[in-house]
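Contents: one structure, followed by commentary.
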Amino acid sequence: MQDEKVALFIIFGGSGDLARRKLYPSLFRLYQKGYLQKHFAVIGTARRPWSNDYYQQIVFDSLASLNPDAEQAKEFASHFYYQSHDVTNTEHYVVLRELAQKLDTQYQLAGNRIFYMAMSPRFFGTIAGHLKSEDVLDDRGFNRLVIEKPFGHDFASAQVLNEDIRASFAENQIYRIDHYLGKEMVQNISAIRFGNNIIESLWNNRYIDNIQITLSEALGVEERGGYYENSGALRDMVQNHISQIATLLAMEPPVSFDAADIRSEKIKVLRSLHIGTPEEARQDFVRGQYGAATVAGEALDNYRDAAQVAPESKTETFVAGKMTFENYRWAGVPFYIRTGKRLAKKATRVDVVFKQLPMNIFQSVNKQDNLAENVLTIYIEPTEGFTLQLNAKRVGQGFATRPAALTFRHSSEAATNTPEAYERLLLDILNGDSTNFTHWDELAQTWRFADVIEKVWASEPAPDFPNYLSGSMGPACADELLARDGRHWVYDPTQTDCE
Ligand code: NAD
């Protein structure tokens, strides 16, 4: 049996999609594993007037895909209580406080409270304010506030949201979820970098030419057109997930593998992230939107044909660009980034391209102008591992070299945004481990960075969308971006199976 965790969860948005599909199954898994036993309770709040019985049935039903033992699932669901709650009504927080106190006594919860915001971000500030003013926080134990993305729409709105929340909760009580930033990813990148002298000692601008981060999705916008129209790839992926990957790659080795030490290195390196001028944003970032194509016999539509998407939509479903960190380690090394929907293959990977040797001594004997570049590829999803591409002698007479790859791969345990990923995040929150959550200082800086690009794009006519075919690797301008610097994308699944 695991160490039992003791806490009261208060979920705002207890009737919503996130709660049913992710949170309840994840809490149940923690229960099955013994992290949650007798001393936990959950209050679900939402607007509808539900009874406890009805709510417990909803929770029970949400576990169906896990094929649970019915007795165990029933026992688990009996820890759930419902409160019909209008987040703007002060009286309702008084009722909530009383219910929380009652459950705290009944289940002996030691005043430990986790407030989970599983609803629209526009209510976060209101809820946080009322939790404090109506004394729903309990200073006998811990109070932790969990916030889903998106955290703001730009720097200004993120700052307002943050100030609203910080009026009631201290920074170390706030857990801003970036579900992409699973522990696996942090551990995967850290293991390669900090577990290998031959890698870490080459990890700088003397040996590395450029770093490429690709986060490609094969799916289109599907049912999320309404949300995506107001977001776009830059806000949805670059400001948060890609920036987090870049940060893990660029940060200095932390003093220890402790959450606080990792966090402080991430914040430090983000201070050196170059916030471009509008002119640089114009040059260094390109956008795209997918168009219809037939891929593997399947007719795929335009982004503009998706539900709740404007027929003339200017929203980008693809971004490529160049990030730079202005510090000793990385001066002069571009971090090329690329993300998009409806690309050739679903993959998250990093290609670290090493500098060429100062000369090719084999040129006179083998007529090869250039040796292939050494590349370290770090696979993040759907498989984990790495490949190190070196040059070796081709077997046979004469002298020629060929690339040889040293590969270690295995399928990644838990994809992002799955019950497993949420299970881990919930356990981290119970443990007070903030490694996988974003600090305000990180968010502030990545919003400042994204805002410049967003402003330039908003002020100029969009390119002639759609400008890339579904099933491709994005628009031609993404290739030109690197070609201009004399480089190319290492990963191109449309050319060869170069995974
Ligand atoms: P949803 O629309 O399914 O649920 C919203 C919940 O909020 C419902 O329970 C509703 O009753 C409640 N609510 C709305 N207005 C209210 C009010 N005035 N007073 C009290 N309750 C009110 O939304 P969702 O998909 O569950 O998403 C919730 C949050 O999680 C959003 O911030 C979303 O961006 C984020 N998120 C969701 C997912 C997902 O897979 N669903 C993934 C990542 C992030």
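Cβ coordinates come from backbone N, Cα and C, glycine included.
In TrEMBL this protein carries:
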- 10-188: domain 'Glucose-6-phosphate dehydrogenase NAD-binding' (DOMAIN)
- Gly13, Gly14, Ser15, Gly16, Asp17, Leu18, Ala19, Arg20, Arg47, Asp86, Val87, Lys149: NADP(+) binding site (BINDING)
- His179, Lys183, Glu217, Asp236, Lys341, Lys346: substrate binding site (BINDING)
- 191-489: domain 'Glucose-6-phosphate dehydrogenase C-terminal' (DOMAIN)
- His241: active site, proton acceptor (ACT_SITE)
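TrEMBL feature annotations superimposed on the structure.
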residue : record                 : contacts (Cβ under 8 Å, 6+ apart)
Gly13   : NADP(+) binding site   : Ala19, Thr45, Ala46, Met117, Ala118, Met119
Ser15   : NADP(+) binding site   : Gly44, Ala46, Arg47, Arg48, Trp50, Ile58
Asp17   : NADP(+) binding site   : none
Val87   : NADP(+) binding site   : Phe12, Met119, Phe123, Thr126, Ile127, His130
Asp236  : substrate binding site : Pro150, Tyr228
Lys341  : substrate binding site : Glu217, Leu219, Gly220, Val221, Ala233, Tyr290, Tyr303, Thr317, Phe318
Lys346  : substrate binding site : Ser216, Glu217, Ala218, Leu219, Glu381, Pro382
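For Arg47 (NADP(+) binding site), the count of additional Cβ atoms within 10 Å of its Cβ stands at 12 [all protein chains shown].
Listed in sequence order, the recorded positions among Val87, His241, Lys346 whose CB lies under 6 angstroms from an atom of ligand 1 come out as Val87. His241 (active site, proton acceptor) is 9 Å away from His179 (substrate binding site) when you measure Cα to Cα. In the three-state DSSP scheme, Arg47 (NADP(+) binding site) is classed as coil.
Of all Cβ atoms in the protein chains displayed, 19 besides its own lie within 10 Å of the Cβ of Glu217 (substrate binding site). The Cβ neighbour count for the residue listed as 'active site, proton acceptor', using a 10 Å radius over every protein chain in view, is 21. Per-residue pLDDT, averaged along the domain 'Glucose-6-phosphate dehydrogenase C-terminal' (191-489), amounts to 93 for this model.
Note on the binding-site residues Ala19, His179: the fewest other CB atoms within 10 A surround the CB of His179.
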